[in-house]
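Visitor: Grabbed the feature section from TrEMBL, which reads as follows:
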- Asp133: Fe cation binding site (BINDING)
- Cys141, Cys144, Cys181, Cys184: Zn(2+) binding site (BINDING)
Amino acid sequence: MLVPSHGRKRLAAKTVSRFLSVSYDPCMTVPAAAHHDHDHTACVADVLARAEACCDASGARLTPLRRRVLETLAQSHIPLGAYDLVEKLGAVGERPPPMSVYRALDFLVAGGLAHRIESRNAFLACGRAHEADDVIVFLICERCGLTDEVASHAIGRDIAWATRAAGFTPRTPVLEIAGTCARCRTEAGKAAAS
């Protein structure tokens, strides 16, 4: 049964409002704990361990360049473009050709080891496995660029229902929400108070 267009709009508004108003959703995973002042060593180690396990399980190779690209992405929670990666990789070793970096990124994204942030045309390491029906939600700070990732089964179910009702087949179940991270919000509040 198809939902009339005015019904789809109400459904979309209800879904968004429910998502934004709920402080805790047991179907939403904990954020990846991206913040400014933590040691990225654990992030890098976790991402690389997951990548090695995924590659071992699938028979794919985590080549030295793929590993370097993933490690560089994992060293920051700010998405990087391909040419940013070329520069960063060249600063600490051999500068790879841009096409090689793009191929490495394609491999990492296809394997679920990195995400492409469409609005920024940039990439971010993925530190966790996701369920097939998860919708990935990126929380992108407009001030500092910090990007956190959460996955939601509930939003995934709602989107699946809404898209089925509309006769639409989604290709990429990803949401990008721009706003202000906690640190930038605190700093802005302090600046306004002085």
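Glycine residues also receive a Cβ, built from the backbone N, Cα and C atoms like all the rest.
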Visitor: Report, as a single number, how many Cβ atoms besides its own are within 10 Å of the Cβ of Asp133 (Fe cation binding site).
Guide: 16
Visitor: To the nearest whole angstrom, state the Cα distance for the pair Cys144 (Zn(2+) binding site) and Asp133 (Fe cation binding site).
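Guide: Cys144 (Zn(2+) binding site) and Asp133 (Fe cation binding site) have their Cα atoms 30 Å apart.
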Visitor: Just going by other Cβ atoms within 10 Å, which of the binding-site residues Cys141, Cys181, Cys184 has the emptiest spot?
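Guide: Ranked by other Cβ atoms within 10 Å, the binding-site residues Cys141, Cys181, Cys184 bottom out at Cys184.
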